[in-house]
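Student: Pulled the feature table from TrEMBL, pasting it below:
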type     : residues  : note
TRANSMEM : B:34-56   : transmembrane segment
TRANSMEM : B:63-83   : transmembrane segment
TRANSMEM : B:89-111  : transmembrane segment
TRANSMEM : B:123-139 : transmembrane segment
TRANSMEM : B:172-193 : transmembrane segment
TRANSMEM : B:205-229 : transmembrane segment
TRANSMEM : B:249-267 : transmembrane segment
Amino acid sequence: MIRTVAALVVALALSSLLITVTGGSPPAALQALVRGSLGDATAVSLTLLYAAPLLLIAVGACVSARAGVFNIGQEGQVLIGALAGAAVGLRLAVPGPALVVVVLLASALAAGLWAWLSSLMHRLRGVDIVVSTLLMAFLAQQVVAFAVNTPWLLQESRLGRATVLPQTNKLPADALLGSIGHYPGLQINAGLLIAAVPAILVAVVLARTRWGFRITMLGLNPLAAQHSGVRVGALSGVALAISGALAGLAGAVLLTSPLSTNRLQPGTSLGIGWDGLLVALVARNRPLLAIPVAGLFAVLRSGGSFLAATGVPSYLVDVVKALLVLAFVAPPALKRWSSA
Amino acid sequence: MSLAGDIETVLFSGVRLAAPLAFAACGEYLAERAGTLNISVEAMMLGAAFGAVAVAGLTGSGLAGLLAGILIGALIGLVHGVLAHGLTVNTFVVGLVLNALVLGLTSYLIATATPLSRPPERWPLLSLLVIIPSTWWLVDRSRWGLELRAAGENPQAAAMTGIRVNLRRRQALLWCGALSGLGGAYLAVGEVGSFNQNMTAGRGYLVIAAVIFGGWRLARTLVGCALFGLADALRLALPALGVTVNSQLLISAPYLLALLAMLLFASRHNQPHALGRPSPRSGV
């Protein structure tokens, strides 16, 4: 604990140093960060919007990491989820608000399958899962780019225009996530609920059920798990699929909430797949801890765009994020090292 | 332009696009044979590219820039090595964090600084003629390389015979950093002549794909780099020649090829058995 606090102080000191050296003012930057993310109802609404997909991805990463399967391809799984969601939302004639449910389910299913492919390749040919999830993230980017650049796939209709952009048509209103509740100025998107439920559910399942125990045992000692009757290959495949499905759900939330223009674009993922993974690392693979951490990373995202006004480039938040992860990852290792 | 001329243009640009990959691939090959699946090669190349342009711009010397790039790459390799094979933090976690940190830091710094630019100088390309054979000799023929490969194949057995496994892995990462740094520096100083935000744009991941495609053999890894460079050159050149081509397929070709190589030739592959797995601390 003391080490972690010390590491956090060092991380913040380094960030302040960076701002000072490049001619900025750390207090002004902090103020802008806070004002941009928590300053008023609009800012808080934006922060909550970002928190939802971050949390979904992080919770998924917790599931697979706890099972001893390290999935680092969330960025691709987010995109595949968004792609499936867009395809279903634009092409399927589901009446009324049932459409958004179908969109969400399709996203989770497609991304879950996409992630599960890595597990399949591991079982059939011994392909390393870290490598295949990473390589497939770059494949997914090109799959989405292909889909939105190809008129007979998902590219927007020409409608007599001279140029069409690499994006899909706008999703119908029935496929979009609305706000829940009525608060003055504040918008709480349904995406937040979609993220909070799995977080709590996964925490309970991992901590309290037989299935969760198997997952944890598999992660801690695959051999012992196998000898006590766990079907190692199948279970780690399921864990990877769940992790992919939650990332895909995050993709659907990005696509159908006001974070995007509600059109699938190559950049729809906003790099949130990578960020969500970092959230899980800071939360040390605990789903409930991921809730406040996702909130913190969402603050950095929404506040980051306000930094530029103080003369500090918004890329600062990327440095802060990486330093935060280091501050949470290095101290336990330091402890293991000094006690070894 | 004639067909022969077109082919010549594409081949030349393919070589130029493959060169930065080749430098880094030598380093990544070395690190992976020692058992580290090093994904921070992206950070090494990007950080070095930034440092190389900054130093070359300040001193007016391309050579100084390249040296700075090598130093920055090696520094990142050192940090990765100490965290992963000294403090036993998961090597993929270290790689992800370093990639995020360097991307953020270089983006931040280039946004606060006035961009420098200078004419590209291609002479460092020739150093590949020395680096490739010496990497091969170092890994496949020297005593040090034997210990390195033992650390990658079976760290327990290696430690038992008195090889300091984690030290060898740290040294391999240091070399990987220096060579990847040279690759990134060459990209910035040798080919482009300036630095722009995220200028490596995933080339580090291409390098990893090349080593996998090459089945953990140096010659085939370099063939992979050449193929990937050529695919990139084709993507850039074909539209100008009036040929419609699926650019997404060409961009994803390296990743597809690496995945296919692993699926089809897994049994004949040379993959180090302990790749990506930590060694017990007794092996320090």
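Positions of Cβ are set from backbone N, Cα and C atoms, glycine also.
Remember, TrEMBL labels are computer predictions, not curated facts.
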Student: Same-chain Cβ contacts of the transmembrane segment (B:63-83) under 8 Å, 6 or more residues past its ends?
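Tutor: Long-range Cβ neighbours of the transmembrane segment (B:63-83): 27, 36, 38, 40, 43-45, 47-57, 89, 91, 94-95, 98, 102, 124, 169-171, 173-182, 184-186, 188-190.
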Student: Cβ under 8 Å to the transmembrane segment (B:249-267), counting only same-chain residues 6 or more beyond its ends: which ones?
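Tutor: Hits for the transmembrane segment (B:249-267): 206, 208-210, 212-213, 215, 224, 227-228, 231-232, 234-235.
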Student: Would you say the transmembrane segment (B:123-139) and the transmembrane segment (B:89-111) are in contact under the rule of three or more C-beta pairs closer than 8 Å, pairs 6 or more apart in sequence?
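Tutor: Checked: the transmembrane segment (B:89-111) vs the transmembrane segment (B:123-139), no contact.
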Student: Does the transmembrane segment (B:123-139) come near the transmembrane segment (B:34-56), with 3+ Cβ pairs under 8 Å (pairs 6 or more apart)?
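Tutor: Output no: the transmembrane segment (B:123-139) is apart from the transmembrane segment (B:34-56).
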Student: List, by number or range, the same-chain residues at least 6 past the transmembrane segment (B:34-56) whose CB is under 8 A from its CB atoms?
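Tutor: 20, 24, 27-28, 62, 64-73, 76-77, 80, 84-85, 91-92, 94-96, 98-99, 101-103, 105-106, 109-110, 113, 116-118, 148-149, 151-153, 155, 165, 168-169, 171-173, 176-177, 180-185, 187-189, 194-195, 198-200, 202-205, 207-208, 272, 274-277, 279.
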